[in-house]
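*Asks:* Before we start, here is the structure in question, set down as structure tokens.
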Amino acid sequence: MALEVVGGAFLSASLQLLFDRMASKQVVDFVREKNVDDELLHKLKIKLSSINKVLDDAEKKQLADPAVRKWLNELKHTVYNTEDLVYEIHTEALRCEIEGKPHLLSFFSTRSYAKQINQRIAKILDTLEYIVQQKDLIGLKEVGRVENKSSPRVSIIVPPLEDESGIYGRNADKEAIVNWLLSDSDTGNNISVIPIVGMGGLGKTTLAKLAYNDFRVNNLFDIKMWITVSDEFDVFMLTKTILEKVTSRTCSIEDQYDLQLKLKEVLEGQKFLLVLDDVWNENYDRWYALKSPLEFAACGSKIIVTTRSESIGSMMGNVPNHRLQVISDEDGWKLFAKHVFSNNNVEPSKYSDLEVIGKKIVEKCQGLPLAIISLGGLLRSKLNSKEWEKILKNDIWELIDEKKCDILPALWLSYYYLPPNLKRCFAYCSIFPKDFVFGKEIIILLWMAEDLLQPQKYKTLEEVGDEYFSDLVSRSFFQCDDDNFIMHDLVNDLASFVSGEFCLRLDDNDSKVVSSNARHLSCMGYGRRIKNLEALFENKLLRTWLTNELESLDVEPMQTMQCLRVLRCIPISPLPDSIGNLKLLRYLDLRWSGIEAIPDTVCTLYNLQTLILRNCYQFRCLPNSIGNLKNLRYLNLSGTAVKQLPETICNLPDLRTLSLSYCPSLSRLPNSMARLTNLRHINIEETYLEEMPPQMSALKFLEKLSYFIVGKDSGSSIEELEKLSNLRGSLGIKRLENIVNVEDVSVANVLMDKKYLTRLSLEWDNDVDDSHKAKRLLERLEPRINVEKLAIANYGGTSFPDWVGRDLFCRLGKMELKNCRYCYLLPPLGQLPSLKELRVKGFDMVERIGHEFYCGGSSSNSMTRPFKSLEVLTFSDMSSWEEWLLMEGEQEDGAFPKLTRLELTNCPKLACLPDYLPSLNTLEISGCKMLLASLQGDQLPTLELLELSHCPEVESFPEGRLPSNIHTIRIIYCAELVSLSEEGWPSNLKSLSISGCDKLFNINMQWNLGMLTSLTSLKISQQYVAPDSFLEEGQLPITLTFLTLLGIPNLRSPHSKAFRSLTSLKKLKICKCTNLQCLPEEGLPASLELLSIESCPLVAQRCQREIGEDWPKIAHIPCIRIVDRVIFDDMY
């Protein structure tokens, strides 16, 4: 039985906001002017107040009494109707205030206005009278209010669920999964698949994240990917998502087969780890289709699947299911105590009386971590035994029949004790499908549009929404997912349980019966066609319409939906003039639409708070009438073709956010920006303005400004930043060369008072003719020590001021120094305790890096271990750099103890690396001709991957003995490379890739890899002048299992005996060898399991099944894939 619950206190918050709206000056004055019977409004308020007193009783009794549930539904429907009426009155009052006259054609301007409004109120009163009578018949009584006051507490930040310090009872499970990832398990397939199986709320996703992020796993795979699958197992979308994660690029391929071919191509030879989280698909064909291109990856690739279903696990896995069990009561108590006490910075010993009660509460949670965390989030703000006893003895534990209802009692209790305002906000989120990832900003805007935020004195609505959101996060209703958020499936079920028939989510089943009571509708899938669309348009009561990329949709019929407050319709083109009929609209999201402009009628939507035109790439201009939208708070034009903004945009007194990022045609902001005194956010990232508007200092509440361009006149000088003390997050300051008087910076105290800034970029645009002035300026631009990321570009001084590299910057984790061409010394950065990533580029004058880089003028006795946290280091375009030294006597406890990745690009004079880099895993060398001879095994004991590129001077490789632990070497575009040495190769080399080295493949090829007895994978690509036949017998090691020939247009026929000795070869890929005419005369090895031939039209013709001339050479191969079809496959 699916319960439809409308919480009592939930409605209490609705009624309070309704009463406030009815008492507002606009409504009171307008009602009096239009001769509406205010006595009827008074009676309406009295009736609603009388019902409000029994709502808490109804909220509990609804769980066991269907009559109470039905009564609450009828009441909520009536409250919605009342809200719509009062909101209409308020809207017309607002219109008259803005336009200064009644609208001759509007409903409200007719003579029958008062009569019709009175009739609607009377009808609502009749319904309420019936509801009041029914409350006595079903036994509802006034009861004590649910206590929602919180004990004093500090702001709580919940650690992510995969934070190991907050996980209990899962050590053995984690070790089992990690050991499987580390093992070379032989399943008879290239990829191993392990399912983690268990009921909802056990922590399957958390366990997968623990294993996925384990330090032992980090360097084991070439590629790591995490995909949340959920209900709809769409093979095309999943394949596309995986491809985009592998390539880090957006994919525009629309054909599924082409998509799978591309994924196969990029995965070949790559060892990956893929997590498929929350799988519900039971269709084997879909799973097989998704898995097919993944099989071409390197052996040892692994897939973790999380699912509630044993059968799904058995279908997908090729190792036994890992069955996750409930945690013990002992571990449950530790988890509970962690969430109650640790996050409050409270010592549990001070509350020993709570332990007995708490352990009994944990027992009722039956070992489910989600239930334990939920109640921990509730009780951390109620640290007294009386409140805990209420939870322990609450009869909700018995009222909910879990056999008939999927809602956990512990989750319902967490919801039951939410403050009324949070209940409404949480229930509204049921409009999002399971596993939907959402951002905080958009959720708050939607709450605002639906009037779910209770205004507070001295706080903006956005701040109130942020407070609500943080509270729901702290109570574990929302979970962090990188920079976004998600609801656990069981929490999503709870939200749907609460909202009932008033929220219609078509992603679950778009053929479900459309309730006439539905107020909120969503269809967030992609490329769907909504069934029964006409029935949806007949619902005139809808407030929310959220749809994503519907196959087709005519929005013209929406003009009759007079109650609509939220409209997100993606895509839509063109936007009809009738949009102006939706007078109650507050939120309009048209992102990704093909519109070039919006009709003027949009600017008559006087309630509009949010207008989103993001990524409308053809959109060019806003109408001048945009200034009529007096309530507009959020305007997003990012990713549009807008060239200029009308000055009338500065007439928007409530505008809080103006987003203009990635607008390539926009070069200026309106001159009157200073009038937008309530503005909080200006996002102009990747939009290249020529100058700032004057008097930016007037925007004293501004919190986000992507960058500030220093101008030459006083209106946009550096002093304008002084008063912007609330700036937070990231700030760039550009064109610092325009500062004429350096002393002005000291007087203005530009950065030192910006205590909320965490990321700072300082940039000069032109060469500086006075290096001393540049240094004095940088001295005065010292930020506060809480900065986390710092970039300095085009600095013209010869050395850096003392603050750059000072160890007081204890949070600085990333730093970039770029094109500081006159500096002859690097700043002393070695003592920055948290620095993890450092990029240095374009220091033309630096010849030597030594002691000054590690500690500056400090003595070695007083300094800490240099660069103790650094993991990634890159040097590029260092034309004069010759010498790189570590400090003497520091090998065992020296610099760079955690450095895992080093990239050196265009450093032509650098002859050697530091003596000892104990943790280096990856070394990339490009345009550094003198370095290769210096690579020694003892200085690089952990090096695994070496990449050499764009080194035209290299003629032979390797030039000396390489470190034996290297297992992967890539040689790319070394134009003069003519030979591969027989000595010096790493003894453990497993993978070798050679690309764009044409001279290596001349007629007299001087290379022989036969001695590489550990090599298993070889890729030869982009060789445009190679002879028509190469790879003679004996040139390749017999240990090869995977060989790729890619982009060799001159190759006509491999040597007849080239493959005869490759008795271990399992996979052969030949791609884009357009002139390849035939396969070797002696055929291919008997060991071959897979042959892939793509974009090789001549040989493809000869390999046709049964009739092709080369078919006898390949008929023995289990899996053959040619061009655009699988012609033979009995491999699986």
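The backbone N, Cα and C atoms fix where each Cβ goes, glycine too.
According to TrEMBL, the feature domain 'Disease resistance N-terminal' maps to 10-100. As annotated by TrEMBL, domain 'NB-ARC' applies to 172-344. Taken from TrEMBL, the feature domain 'Disease resistance protein winged helix' applies to 431-495. Positions annotated as domain 'Disease resistance R13L4/SHOC-2-like LRR' by TrEMBL: 548-632. If you look up TrEMBL, you'll see 718-842 marked as domain 'R13L1/DRL21-like LRR repeat region'.
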*Asks:* Look at every Cβ pair spanning the domain 'Disease resistance N-terminal' (10-100) and the domain 'Disease resistance R13L4/SHOC-2-like LRR' (548-632), keep those 6 or more apart in sequence, and say whether at least 3 of them are under 8 Å.
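*Replies:* Yes, these stretches are in contact.
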*Asks:* May I have the DSSP-based helix, strand and coil counts for the residues of the domain 'Disease resistance N-terminal' (10-100)?
*Replies:* 78 helix, 0 strand, 13 coil
*Asks:* Under the DSSP assignment, what numbers of helix, strand and coil residues are found in the domain 'Disease resistance R13L4/SHOC-2-like LRR' (548-632)?
*Replies:* 20 helix, 12 strand, 53 coil
*Asks:* Per DSSP, what is the residue count of the domain 'R13L1/DRL21-like LRR repeat region' (718-842) in each of helix, strand and coil?
*Replies:* 23 helix, 30 strand, 72 coil
*Asks:* Looking only at the domain 'Disease resistance protein winged helix' (431-495), report the model's average pLDDT.
*Replies:* 88
